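Shown below is the structure under consideration.
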Amino acid sequence: MSNLAKQKVSMVSLGCPKNLVDAEVMLGVLAQQGYEITMDEKEADVIIVNTCSFIKEAREESVDAILDLADRKSDGNCKTLVVAGCLPQRYQEELAKELPEVDILIGTGDYPRVAEILAEHHAGDAQIKYVGDPNYIYDEDLPRLNSSPGWYAYLKIGEGCSNCCTYCVIPSLRGPYRSRPVEALVAEAERLVKGGVRELILVSQDITRYGSDMDDTSSLAGLIRRLAAIEDLKWIRLLYAYPDGISDELIELFKTEPKLCNYLDIPIQHISDNVLQRMKRRSSEEQIRTLIARLRNEIPGITLRTSLIVGFPGETVDDFLNLTQFVEKAQFDRLGVFCYSREEGTPAAEMPDQVSERVKRERHRKLMKTQARVSFRRNRAMVGQTEQVIVEGYSEETELLLKGRTSRQAPDIDGQVYITSGHAEIGDIVACKITDSSDYDLVAEMIEE
């Protein structure tokens, strides 16, 4: 083994779970080549920052992380700073010029070559850039080092996006939508489950588009059936399901497949037709309202999550009032709100009637306040119910309390359950009775068998 391969590597992954999978692939490739992976950035010879560039706040977070870690080159062990992902894919020349502390820039199409690129850099001293066409798609033969807790993992079922939302830069950063083959996904899922994973969370830019670019009859529902046949897999969770792609077949599967969590993340972005049309979304207000009502009616107890954008160009006072009233009526269990970010190169950036930052922030505050009331009522209604909870560790406040998630809660983005009684191993799925609630979290007692 070369001295290069004995170096320690640390990874900082920013942004969404899809980014996290890319980071895990890079770590897997490096570990396979003999690099030692460390969680301690102070020990690392090589630090990789896997960046997000979706909106302004994500870019700022990425740049702040890069600048912070650049200091490690002067006061720590770090000799090589790598910036990967969406930020260099979008701003390679600017980063190379403004951040000379960065040694390597890797775009979204070159993750599997990370070890090769490091070797090339160490053979010379110059800053190097690998930012080509974003045509990479994860292959199951690539090693992947799961950085999530061992009982759950994200399964990236496709790459890129073929939607044409006027506010979004993702298609230019990730390319058109490409589905991964069913057999490849099943093979990866089986490997993850064999390693102890009990919950698979399906992700891509638009999971309902899965199979639409393939010549066979592959579909999201068909993929779920194949995954559900894996013996020791307990939960399958769906994130990023576009409303216009939710099929009758998928709705039926929620009724019949016990491993499919009664949970659906549907990013609708807005409800007013005026805004939806300017966003170039494919669903209308009537279609969205009909879908939400149908899901509530046909799948009793389903947990619905969505994301919304406030302050989009041309959003009027009436549009925002309509959105607020819709949030009250739809009663989403979970909801995220983003202020519109004016992204260079997108059609929306050139639209008239841009909304001021002050108005955006005020609308964000009002909508989150509305949702807090909804969430409190939804959680309060769960008191007295029995739920299956996956145990994830001890509470930050005291080791006398366990914490976990019900099947109604996704990792990181939803609340937690604090378990006040009983004993279980981390990763166990146990029955708990909900005894109390807050806006976003639950309290429960374990039901002893």
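Numbering starts at 1 and runs along the chain as it is shown here.
Each residue, glycine too, has its Cβ placed from N, Cα and C.
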Considering the [4Fe-4S] cluster 1 binding residues CYS16, CYS52 given in Swiss-Prot, which of CYS86, CYS161 is annotated for that site as well?
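Swiss-Prot names CYS86 for this [4Fe-4S] cluster 1 site.
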Taking only the Cα atoms, work out how far CYS168 ([4Fe-4S] cluster 2 binding site) lies from CYS86 ([4Fe-4S] cluster 1 binding site), in Å, as a whole number.
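On Cα coordinates alone, these residues lie 13 Å apart.
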Around the [4Fe-4S] cluster 1 site recorded as CYS16, CYS52, CYS86, what other same-chain residues have a C-beta within 8 angstroms of the site's C-beta center?
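Checked against the 8 Å cutoff, the neighbours are LEU14, GLY15, LYS18, ASN19, THR51, SER53, PHE54, ALA58, GLY85.
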Give the sequence-ordered set of same-chain residues, not counting CYS161, CYS165, CYS168, with Cβ within 8 Å of the centre of the Cβ atoms defining the [4Fe-4S] cluster 2 site.
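Counting only non-site residues, the set is ASN163, CYS164, TYR167, VAL169, ILE170, PRO171, GLN205.
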Translate the DSSP assignment of CYS86 ([4Fe-4S] cluster 1 binding site) into the three-state scheme.
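Note: CYS86 ([4Fe-4S] cluster 1 binding site) is helical by DSSP.
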Would you mind giving the whole-number mean pLDDT across the domain 'MTTase N-terminal' (7-123)?
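That region's mean pLDDT is 89.
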Give me the DSSP three-state residue breakdown of the domain 'MTTase N-terminal' (7-123), ordered helix, strand, coil.
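Here the numbers are 60 helix, 23 strand, 34 coil.
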